[in-house]
Amino acid sequence: MGEKDSETAPIWRKTQQRESSNIHPVNIESSTQSGQHRSLNRNRGGSYAERGRGVKEFRSWFSWLIPCFVIANVVVFVITMYVNNCPKKSGDCFAGFLGRFSFQSTRENPLLGPSSLTLRTMGGLEVKKVVKGDEGWRLLSCNWLHGGVVHLLVNMLTLLFIGMRMEREFGFIRIGLLYLISGFGGSILSALFLRSNISVGASGAVFGLLGGMLSEIFINWTIYSNKVVTIITLVLIVAVNLGLGVLPGVDNFAHIGGFATGFLLGFVLLIRPHYGWINHQRNAPLGKPHKYKMYQAILWTLSLLLLLAWFIGGLISLFNNVDGNKHCSWCHYLSCVPTSRWSCNREPASCTTTQLGNQLSMTCLRNGKSGSYILPNPSDSRINSLCVQLCR
């Protein structure tokens with residue numbers, strides 16, 4: 001491959017970017033290569049990049065859809081904060097200089113964002129409203145909402161880092177579908193197991209991209225070298241992020257569902273012709289060799305069948321109000337592991353209130369704590385905010 005080759009890059013393309021990444025094999029570049037390997041490439045009749053040139057399956061795309069997704073998420077968050085209007089509806093706000101866009105108290109929302117009541121209004125995933133309120137659209141809308149600035153920044157930076165590289169390699173249609181369908185799959189699994197809390201965030205869709213990256217290596221096995229190193233790197237990244245998901249307040253079911261959906265979708269959407277077909281196209285384009293190997297066809301078929309089974313079975317179970325926890329007694333540990341430092345009680349904050357003149361008395365039904373506040377005619381949002389703080 002000339003003087004410098006990439007040991008883990010796809011064999012059809014030169015690694016033109018100088019940036020280094022351990023996430024996707026496309027961008028990992030090695031500065032050395034054995035003379036024997038270089039000689040082997042020359043004996044095969046030119047570089048892999050030259051072989052892939054002119055083959056439409058390996059064209060390079062301009063990444064525009066992923067940045068649009070990021071902009072859309074940011075715009076939705078700004079609109080959410082406008083609707084939240086903490087100074088008017090709650091009163092106890094953080095960063096009050098932002099006016100209407102100020103955040104809820106950090107005691108209520110440490111992620112610097114809106115109240116749970118606002119997230120529910122804007123389309124957060126709430127199982128009762130999906131099943132009993134015929135609001136299935138929440139399975140999609142929740143992927144565009146975020147719990148706070150911290151939540152938004154983490155997801156969007158990860159999306160830019162991973163998504164743009166994948167879109168350059170596979171195009172906006174395939175990566176757009178991978179992102180959207182993975183987010184939907186994550187929402188279904190979340191709704192089956194998190195029955196009481198509101199869930200929001202693009203994490204399921206982002207994990208779907210990671211899943212797609214991993215399966216893409218398997219389905220396109222013949223056009224990669226140093227595959228094992230790349231797979232180990234990806235698995236470690238996913239394992240660390242899923243491990244962080246067992247902390248309280250994190251919807252790890254959305255992560256797992258999104259990753260599993262994206263992994264299966266990668267076999268369906270990201271399949272590419274094998275090396276032998278590429279070589280034949282360069283040397284004898286008029287021939288008609290098999291474009292895909294048998295193992296690729298098998299993986300593609302099995303993955304498509306599993307995807308259909310998952311979505312059909314998951315949606316039927318959800319709209320029949322099936323509680324996944326009743327069929328899997330240990331699955332709740334996948335999303336939160338209780339310790340002496342925190343509780344995994346996911347029941348929503350619920351309080352009894354009594355208003356006597358200007359005094360509001362409140363008792364949390366979860367922990368029995370009580371509090372009194374001097375508040376004449378408090379709004380529902382203000383009462384909800386105080387209840388959440390009291391029940392922590």
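Along the chain as shown, the residues are counted starting at 1.
The backbone N, Cα and C atoms fix where each Cβ goes, and this holds for glycine too.
Heads up, TrEMBL stuff is auto-annotated, nobody curated it.
What TrEMBL says about this one:
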COMPBIAS  18-44  compositional bias 'Polar residues'
DOMAIN    135-270  domain 'Peptidase S54 rhomboid'
REGION    1-47  region 'Disordered'
TRANSMEM  61-82  transmembrane segment
TRANSMEM  144-163  transmembrane segment
TRANSMEM  175-194  transmembrane segment
TRANSMEM  200-221  transmembrane segment
TRANSMEM  228-247  transmembrane segment
TRANSMEM  253-271  transmembrane segment
TRANSMEM  297-319  transmembrane segment
So which residues does the transmembrane segment (144-163) touch in its own chain, when a touch means Cβ under 8 Å and the partner is 6 or more beyond its ends?
21, 23-24, 63, 66-67, 69-70, 72-74, 76-77, 80, 103, 109-114, 119, 122-124, 175, 179, 200-203, 205-206, 209-210, 213
For the transmembrane segment (253-271), which recorded stretch in the set 61-82, 200-221, 228-247, 297-319 gives the largest number of Cβ pairs separated by under 8 Å?
200-221
How about long-range neighbours of the transmembrane segment (200-221): same chain, 6 or more residues beyond its ends, C-beta under 8 Å?
10, 23-25, 73, 119, 124-125, 142-147, 151, 155-156, 158-159, 162-163, 166, 175, 178-183, 185-187, 190, 227, 230-231, 234-235, 237-238, 241, 251, 254-267, 269-272, 274, 295-296, 299-300, 303
By Cβ distance under 8 Å, which residues at least 6 away from the ends of the transmembrane segment (61-82) in the same chain are close to it?
100-101, 103, 113-114, 118-119, 122, 144-146, 149, 152, 155-156, 159-160, 163-165, 167-172, 175-176, 179, 202
Taking DSSP states H, G and I as helix and E and B as strand, how many residues of the domain 'Peptidase S54 rhomboid' (135-270) are helix, strand and coil?
107 helix, 1 strand, 28 coil
Can you give the mean pLDDT for the domain 'Peptidase S54 rhomboid' (135-270), rounded to a whole number?
92
